[in-house]
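*Asks:* When I checked Swiss-Prot for this same protein, it listed these features:
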- Tyr105, Arg107, Gly135, Met136, Ser254, Thr256: pyridoxal 5'-phosphate binding site (BINDING)
- Lys257: N6-(pyridoxal phosphate)lysine (MOD_RES)
- 1-43: transit peptide (TRANSIT)
Amino acid sequence: MALSSTFLNPLVSSVAVNPQPKITSGKGFRVNCLIRTQQTVIKTDTKENAAVLTPGKRVEKEPSVSTVLANYHADWDPFEATSTPIYQSATFRMKNATEYNEYYYSRVANPTTSTLEKIIAEIENAEYVTCFTSGMSALTAVCELVNPGDEILTVEDIYGGSYGFIENLMVRKAGITVKRVDTSNIENVKAAMTNKTKLVWLESPSNPQLKISDIREIARIAHAYGAIVFIDNCIMSPLLSHPLELGADIVMHSATKFIAGNSSCMAGSLATNNKELADKLLSYRSATGCGLSPQDAWICLEGIKTLPLRVEEKQKNALTVANYLDNNPKITKVNYPGLPDNPGYDLHKSQSKGPGSVMSCETGSLPLSKQIVEDTKFFSKIVGFGGVGSAICLPWYTSHKAIPEPEKIRMGITKDLIRISVGIEDVQDLIQDLDNAMSTPTF
């Protein structure tokens, strides 16, 4: 079943769909590039999606990503279990007195975790993937690629956890210089780069303002200086954006979010096509013991089977919610790259396969924003995103709480800014919930 099948279902015809041409995703996978911009129904022609059948002739075609993920299993398992076995073992017997087998110590590698790494590599179109205990431990490994005296250039409105790590450990203890710039303006990037810049740290879209950076052009500029380009791609999921194909060197996902999908484990992954970088990242993981446990890897493996369905449904709902907010007089601004009037709309469309399911908005009133967050019933008040359920928070007080107030103001993060992760619920229930939360002021 192709990723676009949701939009062939008459039961979901209330949402606008503008299907784009199919784009190859991963190694032999195909997903539809879907940017929906209206609330008028545009039905996909089922004929163009139907297989061409020739009686008596065997036809081989590349399976869609949803088909591959639903059928993926550990081909090394002698019992051919449909669910990957959990190798809950710290050690594995050696081949003989002087030779290891492929697996010998789970701090270095584990069969269950390796299976997850292989399937993430497939959908990332990456040669190498290394999994970690969390997204933050993955970020820590990336920072080990720079040395005292080096410079890191980061996106301005960076995730609060990344800001805290860079500021407290890299700047104060490691002697690293950090430059924070609005990377959505390419001129800022050009002006900030020097021969000391060894790492360019991007988020596109950024968290929480959903700003869009030109990954291709920034990669070109950074590589001219010999810098590594790293992308925190958490907001997009590995299905909607492939930064490695745009010139990035390393792509990070907090697998806690979209990959696992149920907010039931912590996990992180780093993908690259550079063997030297991959060896360094694996060496760091092995030395520090921050490799993903087989139990958490298994949770991610179970979750990733439904990743295409979840990403598609969440994105479909998000487009409807974003349009609702954009036309609501109580909302002063909506940050979402799926809206045509978003400053980064065209750029994002050129380097992704969809706008995703995370957005933020402003009301101009902290009391009203607090009321919305507190009064909604179907939006969990949590700091995470990417799960099956909708989530809502005020970044000033949650995900970006640790950032000093002057810095948050400089970044453009306001107290009334609301971040929303749209889930798979009935979208009309979500809109009614938001409408009810805004209907009667309690302040």
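In case you wondered, yes, glycine gets a Cβ from its N, Cα and C as well.
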*Asks:* Sorted by position, what residues of the same chain at least six away from Met136 (pyridoxal 5'-phosphate binding site) have a C-beta under 8 A from it?
*Replies:* Gly161, Phe165, Gly268
*Asks:* Could you say whether, by DSSP, Ser254 (pyridoxal 5'-phosphate binding site) belongs to a helix, a strand or a coil region?
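*Replies:* Note: Ser254 (pyridoxal 5'-phosphate binding site) is coil by DSSP, not helix or strand.
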*Asks:* So, three-state DSSP: helix, strand or coil for Arg107 (pyridoxal 5'-phosphate binding site)?
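*Replies:* Coil, per DSSP.
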*Asks:* Tell me the Cβ neighbour count for Tyr105 (pyridoxal 5'-phosphate binding site), meaning other Cβ atoms within 10 Å of its Cβ, over all protein chains shown.
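*Replies:* I get 13 for this one.
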*Asks:* Cα distance, the residue listed as 'N6-(pyridoxal phosphate)lysine' to Gly135 (pyridoxal 5'-phosphate binding site), nearest Å?
*Replies:* 10
*Asks:* Between Arg107, Lys257, which of the recorded positions has the fewest other CB atoms within 10 angstroms in the structure shown?
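*Replies:* Counting other Cβ atoms within 10 Å of each of the recorded positions Arg107, Lys257 gives the minimum at Arg107.
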*Asks:* Whole-number Å distance between the CA of Arg107 (pyridoxal 5'-phosphate binding site) and the CA of the residue listed as 'N6-(pyridoxal phosphate)lysine'?
*Replies:* 23
*Asks:* Using C-alpha atoms only, work out the spacing between Tyr105 (pyridoxal 5'-phosphate binding site) and the residue listed as 'N6-(pyridoxal phosphate)lysine' and round it to an integer in Å.
*Replies:* 28
*Asks:* Mind giving me a neighbour count for Gly135 (pyridoxal 5'-phosphate binding site)? Other Cβ atoms within 10 Å of its Cβ, every protein chain shown.
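*Replies:* There are 24 of them.
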*Asks:* Just how spread out is the pyridoxal 5'-phosphate site if you go by the largest Cα to Cα distance in Å among Tyr105, Arg107, Gly135, Met136, Ser254, Thr256?
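*Replies:* Those residues reach a largest Cα separation of 24 Å.
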*Asks:* CB neighbours of Thr256 (pyridoxal 5'-phosphate binding site) within 10 A?
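*Replies:* So the Cβ neighbour count for Thr256 (pyridoxal 5'-phosphate binding site) comes to 26.
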*Asks:* List the residues of the same chain that sit at least 6 positions away from Ser254 (pyridoxal 5'-phosphate binding site) in sequence and have their Cβ under 8 Å from its Cβ, in sequence order, or write 'none'.
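*Replies:* Long-range Cβ contacts: Ser134, Gly135, Ala138, Cys234, Ala267, Gly268, Gly386.
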